[in-house]
Amino acid sequence: MTDKVLDDISHRRYNPLNGSWLLVSPHRTKRPWQGQQEAPALNKLPEYDPQCYLCPGNKRAQGDSNPHYKNTFAFVNDYSAVKEEQQEYHPRKDAAGDGDDDIASLLLQAQPATGRCYVLTFSAKHDTTLADMSATEIVPVIETWTRIYASHLSASHPLRDAAARSLSEIPPNPDGEVEPAKKQQLRYMQIFENKGAAMGCSNPHPHCQIWTTSTLPEEPGKELAQMTKYHREHKGRHLLEDYVKVEMAKGERVVWQNDGFLVVCPWWAVWPFEVLVIAKRHVRALVELTSEERLQFAEAVQEVTRRYDNLFETNFPYSSGIHQAPLDCTEEEAETSWFHMHFYPPLLRSATVRKFLVGYELMAEPQRDITPEQAAARLRDCGGELYRKSLQ
């Protein structure tokens, strides 16, 4: 068990996954709150909304019509953050002197970023979230993620054979497949979901985004560097493999687990009820999951989202995302990657009080009040049937 003294004193915790520190202040949980309160998401949505750009059969903003899909539907984002076609930019690489132009080139660096962005609906039903779906209903979402990831792998990728095996097991999407980027080999695929208006979601229809980029983004890049460093310094051991063993032995931050996945409030969590879903065996990417593990992963996602909603009996907002091996990588980068999923929810004390990353957190380092151990205990107590099913 964690030293009990840490439950009562301010202290810092280290995040070995990205090399950062955060401040924990458990004594502040009793402070009064007179600040901003969020409007809880209590409105009942229709199963079909004729004005929704994502519902089956509807027209999207740029004029294309969605098919009358039954489960998932993926398409190229009409407002992509990165594009394949754009004017070429060649950054200067020879700034080695002390002249004004050299200094400016050193300090004002830029690099082109290209790619392709997709939108993926989780369900045809406008009023359904992952928390409302069964594990078997979530599996097609995971299968679509897998197909899109596999279609973007480089020709020399260490996981090409695994991708071929995986695709042979997964049925094709009856509503069609998205075409991968063709102009160049992309470096990384970031799958993420912003759920709820509090997290900036612009459409309540259940969906996620998939951005494929020519560069390795900052967060997965830092994690990959840390995992590679750990692997080199500890005779081939894996950082998250060892972390899973530590958390399973201690138990106090474990929220839920099955044979394939561990759900924890990590030691280094920044957000009040932050959760990390980690593969128990060395899975480097979606394409290495077996059919049984895809179901186990779906169960883990269902458990997290359902417990979130049960915690404050509201449609719990969060941002979530998957980190896995890059689309184009070396043997070492593939070997040191470990499949995991982050959940970052903002709610702190109730359905109306959220955490803000401001002030000290922006100027110094992240800070939290409730400890990860306390958060895990509360989430463990929120299992069972989704609260709103008893209200129907």
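Each residue, glycine too, has its Cβ placed from N, Cα and C.
What Swiss-Prot lists as Zn(2+) binding site is Cys52, Cys55, His126, His205. Every protein chain considered, the tally of other Cβ atoms within 10 Å of the Cβ of His126 (Zn(2+) binding site) stands at 22. In the three-state DSSP scheme, His126 (Zn(2+) binding site) is classed as coil.
Marked as UDP-alpha-D-glucose binding site by Swiss-Prot: Ala61, Asn77, Asp78, Asn194, Gln209, Lys355, Phe356, Leu357, Val358, Tyr360, Glu361. Sequence-distant neighbours of Val358 (UDP-alpha-D-glucose binding site) (same chain, 6+ residues apart, CB-CB distance under 8 A): none.
The active site, tele-UMP-histidine intermediate annotation in Swiss-Prot covers His207. Applying an 8 A CB threshold to same-chain residues 6+ apart, the list for His207 (active site, tele-UMP-histidine intermediate) reads Leu54, Val119, Leu120, Thr121, Phe122, Glu193. The DSSP secondary structure for His207 (active site, tele-UMP-histidine intermediate) is strand.
If you draw a 10 Å sphere around the CB of His340 (Fe cation binding site), it holds 22 other CB atoms from the protein chains shown. Among the features that Swiss-Prot reports, Fe cation binding site is placed at Glu223, His323, His340, His342, with the record citing similarity to another entry.
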In three-state DSSP terms, the structure that Glu223 (Fe cation binding site) belongs to: helix
Maximum Cα-Cα separation in Å among residues Ala61, Asn77, Asp78, Asn194, Gln209, Lys355, Phe356, Leu357, Val358, Tyr360, Glu361, which the record lists as binding UDP-alpha-D-glucose: 40
Residue with minimal Cβ packing [other Cβ atoms within 10 Å] among the binding-site residues Cys52, Cys55, Ala61: Ala61
Check: same-chain CB within 8 A of Fe cation site center, minus Glu223, His323, His340, His342: Leu17, Glu219, Pro220, Leu276, Gly321, Ile322, Met341
For Glu223 (Fe cation binding site), the number of other Cβ atoms found within 10 Å of its own Cβ: 23
Spatially closest candidate among Cys52, His205, Glu223, His340, the listed binding-site residues, to Ala61 (UDP-alpha-D-glucose binding site) (Cα to Cα): Cys52
Sparsest-packed of the listed binding-site residues (Asp78, Glu361) - C-beta count within 10 angstroms: Asp78
